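J.: Just passing along the structure, written as structure tokens.
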Amino acid sequence: MKIFRCCFKYTLQQKLFILLLTLWLFSLLKLLNVGRLLFPQRDIYLVEYSLSTSPFVRNRFPESGDAARDNVNCSGVYEHEPLEIGKSLEIRRRSIIDLEDGDVVAMTSDCDVYQTLRQYHEKLVSREEEDFPIAYSLVVHKDAIMVERLIRAIYNQHNLYCIHYDLKSPDTFKAAMNNLAKCFPNIFIASKLETVEYAHISRLQADWNCLSDLLKSSVQWKYVINLCGQDFPLKSNFELVTELKSLQGRNMLETVRPPSAKTERFTYHHELRQVPYDYMKLPVKTNVSKGAPPHNIQVFVGSAYFVLSRAFVKYIFNSSLVEDFFAWSKDTYSPDEHFWATLIRIPGIPGGISSSSQDVSDLQSKTRLVKWFYYEGFLYPNCTGSHLRSVCIYGAAELRWLLNEGHWFANKFDSKVDPILMKCLAEKLEEQQRKLIALSSEKFMTEGTRQSHTL
């Protein structure tokens, strides 16, 4: 027994010595910067190269002489030129580094510098757009740089923007959103913020809070559109105004009769519970049946996304029927996916459609273009990016399809999946805005000349 204890003690001493020696060697290698030689990292790609190598961000990278090789011709991507598509695919194989929330906080800390960096002063606007302001409700919770790019893409000084961030979002994300709001008189943070849980009434409440604030603004916006941080526009502001005018007061959203698979979402009581996967908390179905909807309302389903007229929004904030239906929906699963789709069918509501009218599918509604895995190759081409919960995160090869499909916005985008697509989309939309405003100005000048000749 004595010999065993001695050997055991000696073995422990050996293990401790080897552990300390290993730690010392790793520290030495790190100090001498030998790690890159022994464990070479993948080549990196900086999504925002000029900013990431500037003093305006928190995590600054050294400049690289190889930056020029990363230039991708967006017209070539649009035309599916093999060389440009190949470049985008090569970039995706690298370690993609985008700006972190702290970087967005840093670059928005000085509003004048930020607006110059992002060239807000170069945004063009027509008289038609000035006379047709649009309101936006942005419900966001992560990736400040994605939200910043979205706002920059849809920003016009005559529009109005409400940002609702999740109360459980990281503090740096909240700081970035607060900084963005401080830099513009027409961007603000919702006066009431929610802790948003997936498929819970809190998601609907977040949009509701923004709608309430937007109505109180002095800006007489014509339509309101809700977006999330993974959305991006497919139309320039000029095009969007033209499309909205053509609605002539009607609303635009998905509204279909519920398939049997979805009826349990609102016929049974759901409770918010802890779950052992992604969302942490989720409304879980119980065995308790719900009563019928108030006022004999017929339930329709759709998506959380809408394009609503000002008259519609004013109506719902002054309707006891809508108030009762909102309360009834609180213990359902994903109420935002039936609430708006149902309201638009209520008789007499501004811009609504009859409950007997045909279904309006997600492809017929132009509010959001989403590519579902199980419809790929049937309703639309295959995804060239990746998938998250059966939804396509688009790749650069889908640029042309996205722009030509006819929708106004699309979901999902992720710069760390494909950074080239969002760059090319932004570039194409800016080109379209400049082109249409130039044509509009020529038309205005021509009409003015005709009137002067008439006089």
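Any Cβ shown, glycine's included, is placed from N, Cα and C.
Sharing the record's features from Swiss-Prot:
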- 14-34: transmembrane segment (TRANSMEM)
- 35-455: topological domain 'Lumenal' (TOPO_DOM)
- Asn73: N-linked glycosylation site (CARBOHYD)
- Cys74-Cys228: disulfide bond (DISULFID)
- Cys162-Cys383: disulfide bond (DISULFID)
- Cys183-Cys210: disulfide bond (DISULFID)
- Asn287: N-linked glycosylation site (CARBOHYD)
- Asn382: N-linked glycosylation site (CARBOHYD)
- Cys392-Cys424: disulfide bond (DISULFID)
J.: Between Cys210 (disulfide bond) and Cys74 (disulfide bond), how far is it from one CA atom to the other, in Å?
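T.: Approximately 35 Å lies between the Cα of Cys210 (disulfide bond) and that of Cys74 (disulfide bond).
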J.: Looking only at C-alpha atoms, tell me how far Asn287 (N-linked glycosylation site) is from Cys424 (disulfide bond), rounded to the nearest Å.
T.: 50
J.: About how far apart, in whole Å, are the alpha carbons (Cα) of Cys74 (disulfide bond) and Cys183 (disulfide bond)?
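T.: With the alpha carbons as reference points, the distance is 30 Å.
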J.: Tell me which of the disulfide-bonded residues Cys162, Cys183, Cys383 ends up closest to Cys424 (disulfide bond) in space, Cα to Cα.
T.: Cys383
J.: Pull out the recorded positions from the set Asn73, Cys183, Cys228, Cys392 whose C-alpha sits within 10 Å of the C-alpha of Cys383 (disulfide bond).
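T.: Of everything listed, what lies within 10 Å of Cys383 (disulfide bond) (Cα to Cα) is Cys392.
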J.: Check the topological domain 'Lumenal' (35-455) for me and report the mean pLDDT.
T.: 94
J.: Give the distance between the Cα atoms of Asn382 (N-linked glycosylation site) and Cys228 (disulfide bond), rounded to the nearest whole Å.
T.: 23
J.: At the level of the C-alpha atoms, what whole-angstrom distance separates Cys162 (disulfide bond) and Cys228 (disulfide bond)?
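T.: About 12 Å separates the two Cα atoms.
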J.: I'd like to confirm something. Which of the recorded positions, Asn73, Cys183, Cys392, has a Cα closest to the Cα of Cys228 (disulfide bond)?
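T.: The smallest Cα gap between Cys228 (disulfide bond) and any of the recorded positions is with Cys392.
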